[in-house]
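Below is one structure; the comments refer to it alone.
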Amino acid sequence: MSQSHAEPGDPRSTSAVPADRSRLRRILTRLPTIVLLTTMWVILWGKPEPGTIVAGAIVATLCYWAAKLPHIPVRLSFRPLAALRLVAYIGYDLVASSVRVAIHSLWRPNRTSGAIVAEPLRTDSDFLLAMITGGLSLVTGSLVIELNREEGVVYMHGIPMNSPRSVEQLRRQIRRTEELFVRAFGTNHDLAEFQRRANGGSTN
Amino acid sequence: MNVLLAVPLVVPLLGAALTLLLRRLPTAQQIASSLVLLVVVADAAVLLAHTADGTVVVSQAGGWPAPLGITLVADPLAALLVLVSSVVLLIVLLYAIGQDIGGLSRATPQVFHPIYLVLTAGVCLSFVSGDLFNLFVGFEMMLTASYALITQAPTRSRVRASMIYTLVSLTSSILFLTGIALVYALTGTINLADIAGKLGAATPALRMVLALLFLVVFGIKAAIVPMHFWLPDSYPVALTRISAIFAALLTKVAVYAVIRTQTLLFARDDISTVLLWVAVATMIVGILGALVQDDVNRVASFALVSHIGFMIFGLALGTVAALAGVLLYLVHHIVAQASLFLVNGLIRQFVGHTSLRAIRGLTTVSPVLAALFFVPAMSLAGLPPTSGFVAKVALFQAGVALGTWQAYVGIAAGVLTSALTLIALFRIWTRAFWGTPLPDMVEAKQRLRNASNRGGLRMMTAMTAVMVTAGLVVALVAGPLSELGFTAAHDLVDGEAYIHAVLGEEAPTP
Amino acid sequence: MTILDYVYIATFVMLGLGALCALLRLVRGPSVLDRLVCLNALSVLLVSSIAVEAAVRADTAYVGLMVTVALIGFVATLTAARFAERRAHDRG
Amino acid sequence: MLLPYLIVSHAVVAVLVPWLVRAIGARAFLVASLPLAASAVWALTQSSDLLAGNEVTASVAWIPALGITLDFRLDALALTMVLLVSGVGTVIFCYGAAYFPARERALGRLVASMAVFAGAMLGVVTTDNLFALYVFWELTSVSSFLLIAHNDRKEHARRSAIQALIVTAGFGLLMLIGFVLLGHIGGTYRISALLAAPPVDSPWLPVALVLVLAGAFAKSAQAPLHFWLPAAMVAPTPVSAYLHAAAMVKGGVYLVARLAPGFADVDPWRALVLTAGLATMVIGGWRALRQDDLKLLLAYGTVSQLGFLTLLAGTGTHVAALATEGVLLAHGLFKSTLFLVVGIIDHKAGTRSISGLSGLWRRTPVLALASLAAAASMAGLPPLLGFVAKEAALAAYLPGHLGSLPRSAATLVLIGVVVASILTFAYSARFLWGAFADKETVAERRFPAPSAAFLAAPVVLSAAGLLLGVLPFLVDPIAQRYADAYTGASYHLELWHGLTPALGVSTLIVAAGVVMFIQRDRVARAQKALPRWPEAEAVYNLAIHGIFTVGLRVTRRAQSGSLPVYLGIILATMLALPGVRLLMAIIGQEVDYPQPSEGLRLWDNPLELVVALILIVTAVATVREHRRFPALILISAMGFGIAGLFVLHGAPDLALTVVLVETLATIILVFVLRRLPAVFPTRPDGWGKRLTALLCAAAGTFVAVSLWLMTHARTDAPVSRGFAERAEEAGGQNLVNMILADFRALDTFGEIVVLVTAAIAVASLVLLNRRDRVVEAPDADLDTTEEEAAPPGAPAAGAATASSTTQEASAAGSGSADTAPPDQESR
Amino acid sequence: MTAADWITAVLIPLGALFSLIGMIGLVRFPTLLGRMHAAAKPDTVGLILILLGTAFQLPGLGAALPLVLVALFQCVTIPVLAQTLGRVAYSRGQIDAERLVVDELADALPEAKARQSE
Amino acid sequence: MITTPSLLLIIAVAVLYSSGFYLLLQRSLMRVVLGIVILGHAANLSLMLTDHSITLPPLLDGPAGEISDPLPQALVLTAIVITFGVTTFLLALAYRVWLGDNTDEVPDDLEDRRIRRLREPEDSS
């Protein structure tokens, strides 16, 4: 199965398939977004009454149609256990590094320096990359500055970086986060690719 | 909800929506908006018939009783103004349609029609609103539409002019909102009739502060000196159809608001001396400005400012006779000013501009145009037998009847202003209409005559003639009109009829 | 006054002090990006305050507000940031 | 009564006549004279009835509520005037048919204006309502304005016309105020009722009379307002003959004569009328003597005679009243004759200058004869009507007929009248001599014989003067009827009263006049030697110039064209009116201040401090910020502050809206901002920076203090307490939403309309009119082709020079004039 | 004081503390990137804690559900914002190079630039 | 009984109005627009302050206690939206001014400027 690398919204990604099937598929691929929007609506409204749900669905469809959101074929899988691990890791990291930054900001902000490191990634699914960078940025003390999509290199700013050792730690953290994300959400194909690159050690 | 009061708001707005949908079908759009205005005119006529005996027609919007919901009220003054405004709006609309048919304008008709109808609704709402905040909303509808209109065919000078217009109007709106806040702070209500009742118990000094603040708020929009500067800088630059409506109606809506608030809400507070001096300053400064202008439209705009002073003068007198005079003046001025601006538009159409420095001998180029200019010029100068004469006599009579020195000061200023108006307007006549026509004007006339768009031009001329005739009709029916004026003025001075009609018979009165 | 009330007061004091810090940075600058960060921080603080307020009053009326502010504050800041980015490119 | 219809018929003719002129040329005058002739006939038929004591009245209601009704009333004075206006008018209209060539420019306008004038004049003299009188009065002014400038391509004609209009209509306004006062004092605007019961004990009565007289004097060219009349001679001769000799200028005299029976004894009346009349008589006569232009000679003569008439009409005695009637008629007849004669001379000889005419009497003896009769009448020679009238006039100031007139005044007047009469004789002789006599120094001109139709008019009028002089009893009864208003010894208009003092004075006048004519060269030298008086016209010019200069000064100061200044003035006004009032209230302790027990406190909640600090700091920082982007962020932060405050005040819905709107606004601002320069220009804004700051601080403080005091002074509990119960029955929970969606749905509806309208406006500004978009290039100005360029429909050169925005017009240059639509409104 | 109240009493001040410290960092950090770190993330932690605390005070699960939504938004938006700001800061050169131990992006940038323009 | 809003907020209102007015009187269009925005806030705030005490949101099914006055809130809501619409238009207009004149300034009126340059009235006939 060849992985499509089409840019988001590229019409070519669906044009190859026969017409009626493609329409069905298009609707199906859009369904999750609409369901998501509807759910939000219902949550905001407070009570899940049928009227609310219908109204929400209509509003969501309208929003979707009006905003002409690009529909991207979602190619993800979901592994609950790995996801849990991921959440736990991120949560811990978040709190821990928050405390770290807090300490620095309280006692020695002037002596705190940062570093920008380049770290090659081992996956190239769009979704995964977005999630990984998001996750990385979320965690205190790290900030994605630039993502080189073609070579799969992520440039991270980290803080506090007072020694080469902490730089290495930062790199490790990036790789760990990446791995967790791929394990939680990557398709089998992604996983295989990731492992191939990780084992091969080639950074491309 | 009383349908009569709802129609002038709802029908134009529905019409606006319809014309927006019909924007690809110019003819349908034109017919639709004309029909809408016809309906409004008819409705206003019926409304006037209902109120002519001094009855106050009230409609509680949504069925909620007065201080809670929004009340729409039509007393004779409001009803008459709705009628006159809608007639003027209709005539100007037809003028504009003529211009569009002839392809003689760069306006965007698709946008013009819906916005114009929104303006109509805003003007009507401002007249019949019985609620201070709703009045604000009406004003904003009108003003937003006017912002859209004044930027039609946005050339650089127009954009500049509309910048001035918009910012000054916005300032006024902000102050209006502030005023509403203060009124609510003081009385806890925003229904006009209710405020009128409750202000009685308020500290007089604070009440007077409010009275003066509202004078400033509406004074800006009514172009009362010294808050008038924006008007001559913005109106003359707009398209004719738009400056005509602005000059005729928008300032009058503000004058109406001044009258309504000062008579109904602040009748107990004697700010008549302030009003008087403001009126005198408005008359004199405005007309002095008109004397030195070099552009027909600018002369007309300054004259407009000056004549607002007459209405404020009448309000300053505050008697029944004076308010009746103000009503006559309002009607007269709406029609006369609209006529003058339409004629100026025709001049622009004929010779390409309105600068006195390059217009000569228009009587030769177009005798009809000359006749059409002459009548409103006479009317504005107050020469008999036009409506302007009648209105001025009514005001002078009221002033003499009151007999205070302030009244005489106002009368003196009025006489001086009338004389100077005569000079200013007949200066246009002698400079632009008499003399040997410039060669290029004769050519321009030939070109217009041979052009394919004569039909449009004819319609424009015809509509201008209709407007001028309307001015004469106002003079002709001045008898019944002044009767109506006295009825309306009684209602204004009394206030009880209004308050009772809105709040019910048991309401406390000031 | 229960303990909870003291807790709320303390919370508000902390949030208020935080807002003042943000305000300080907002005025001091020095760069646009600093100000944008402050803007976002303020919006987050607003959401936090609303949340506490909701807790104080045990009232659900504020919940919708929170969602909106959280989302909208972000949109504003993001737009401005994009603008700043564009200018940076223009300059570069 | 037929009269209203007759007047209306004039208006109808005026409307139709331009088309008629196109068809039959100047002969349209004949058609236009029909209503006049009908009026004359009608007046004659009424005269017997009238003399029997039955006054004819009619009334058309116009604006009864204001006392403006078109009352008509035909009495003796009115009859005289109607006969004069319609009779002389008919003749002059017929003359006009022969006078104007068929291709005369703007003839339609002329005939129509004359018809309007004739109708209005009939109205003036027959109406019985002060306002109706004013209406017709000003109509005559306006038609006179149009008639004077018949040849509007001449600068002089235009100037004279506007001058006449300004003087007559301007002072007419004073008269209007006088009328209003008079009506207010007297309780009625009916002239007859006022005269029947004149108000006496009001301090405003003299003022009213002075104002009315001012209008009358201006109309009747009394010194020092006389200057417009000679200038008006630029009009075609029939116009001068009719308006400025027979009819219009008599309007003022008529008004004086009309009001004199009621008000002659009220104080300033006589002093004013006699002084003005005498001065005008003498000045006019004196000036007439030195004119070379025959028409100007007549014009000054008219001024002099009008002074005489005013004097007589205003004297207010029985004999003076009789004399007034006589002179009115006589002057109307002889003066129009003479004007018509001048018209014929001008037409045929091509000049009307005394120094260019010689020996005409031999060429047209008929004309000379008619002139002789008219001039003799003017000079007061028997057996002409002029003589009869002048005898009566002299008698009026001689002892025996003085009535209520003080003797000293009468003597003074008599001397003046004698002097003026001598002058009159002299210039009458000068006219005849100048027009017809042989002069050695002047070569005779070609003079084609005028047609009989042309000659008929002066002959008829002059003959009428002769006829009435010989048969004064035709006039006398009418005059008696008018004079009945006064008590006095019986006196009749007659040729021969016997050897009375009046006859003696007349003889003296003639003798002196003859001497003066014979010694005309000496007189001329004496005139030259005398210092010239300041011309009244110079004063007028100075006044007008002064008005324009003041206008310019004021406008230059006030209308600065700068928006910041305008807005600053608005703020200043807000401070000056409500602001000062509030300050006065605070100083005078008229207001209550909140006490600590009533909630005077710094804050409700410490968080308020935070929010307020955010607001204050961001506001001040925004003011001090000169870079656009930081300012924008500050504004955004302020929005969050406001939202926070709303949350504190229990208004989550509001906070939500503020945040939403604020964000949208920020986004839009960003889109606009990125087009604009990074730094705000900080040019001085016309007002000093400190002054501006002070002004704004004061304005802000005013608003806040008002708010503070007014919330404290609240009179009633807010009405919104009533919403809760209503909302429950309506089934809503969130009151704000209930109000928006139900109680005040109209506001919400309006709000949506505003929003949509604004959206359309924005779209049409930004998206439509793309062709007006300018490329972001340094020389963008040159590309704004159709913006301010001369429209193709207009001549490029004319519009460009005319354009008030000259710089831009020239900058715009030729542009895309060929591609733009035929838009005339592009400026 | 119920158990829920106790939980709230712990969580909410803790969250506020985080926020406050973040804001203090915003003021005290000398570098732009440092301030970004300080402002964006303790804030998020603080917000989540506060939300959690609030959830225990609200009447029911249904009422608390939107709070999850808020937290979710925050988690989604903060990284996006941080990333954007970081990129802008870097491209505008508002990075204090002295306070960077390593800057591998500066080494890569010339070629990155070249690639972008292709 | 509380009859007035707290002083601090009154001061805030004063500062908002003052700075709004100040910006309004500037030549730079963007500053003027910002001034209008601030003034809009100020006016809305004044409306809110007519209800002078901190109370509960105006919900009938909410917790018991005195609720705040719902009417000013409704008015402010309407006013906010209206002000927003108009401000947007103003921005579009500023954009057009910039397109036409390439400046961010409120320009003076040309005809007024011409008349200001006149020494003598052009005609006084």
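Including glycine, each Cβ sits where the backbone N, Cα and C put it.
Your range for transmembrane segment, going by TrEMBL and the list D:3-23, D:24-44, is D:24-44. Here the domain 'NADH-Ubiquinone oxidoreductase (complex I) chain 5 N-terminal' (D:63-100) has, by DSSP, the following mix of helix, strand and coil residues: 27 helix, 8 strand, 3 coil. If you take every residue in the domain 'MrpA C-terminal/MbhD' (D:613-677) and average the pLDDT, you get 85. Against the transmembrane segment (D:495-518), stretch D:366-389 has more CB pairs under 8 A than any other of D:107-125, D:131-149, D:161-182, D:366-389, D:654-673. For the transmembrane segment (D:631-648), same-chain residues at least 6 beyond its ends with a Cβ under 8 Å from one of its own Cβ atoms are 605, 607-608, 610-612, 614-615, 618-619, 621-622, 625, 654-656, 658-659, 662-663, 665-666, 669-670, 673, 680.
Remote same-chain partners of the transmembrane segment (D:202-218), defined as residues 6 or more beyond its termini with a Cβ less than 8 Å from a stretch Cβ, comprise 137, 167-168, 170-179, 181-182, 184-185, 225, 251-253, 255-256, 259, 263, 266-269, 272-273, 276, 310. Distant neighbours of the transmembrane segment (D:131-149): 62, 66-71, 109-110, 113-114, 116-117, 119-124, 157-158, 160-162, 164-165, 168-169, 172, 175-176, 179, 183, 189, 191, 215, 219, 232, 234-236, 239, 243-244, 247-248, 251, 255; these residues of the same chain sit at least 6 beyond its ends, with a Cβ under 8 Å from one of its Cβ atoms. Sequence-distant contacts of the transmembrane segment (D:107-125), counting only residues of its own chain at least 6 positions beyond either end whose CB sits under 8 Å from a CB of the stretch, comprise 3, 6-11, 13-15, 17-22, 25-26, 28-29, 32, 35-36, 39, 77-78, 81-82, 85-86, 89, 93, 96, 100, 132-133, 135-137, 139-140, 143-144, 146-147, 150, 236, 238-239, 242-243, 247-248, 251, 254. Taken residue by residue, the domain 'MrpA C-terminal/MbhE' (D:694-766) breaks down under DSSP into 60 helix, 1 strand, 12 coil.
Across D:161-182, D:327-345, D:654-673, stretch D:327-345 shows the highest tally of CB pairs under 8 A with the transmembrane segment (D:366-389). Here the transmembrane segment (D:161-182) has long-range neighbours at 130-131, 133-134, 137-138, 141-142, 144-146, 148-149, 152, 189, 194, 199, 204-205, 207-219, 225, 227-229, 231-232, 540, 544, meaning same-chain residues at least 6 beyond its ends whose C-beta is under 8 angstroms from one of its own.
Non-local neighbours of the transmembrane segment (D:654-673) in the same chain are 628-629, 632, 635-636, 639-640, 642-644, 646-647, 736; each lies 6+ residues outside the stretch with a CB under 8 Å from one of its CB atoms.
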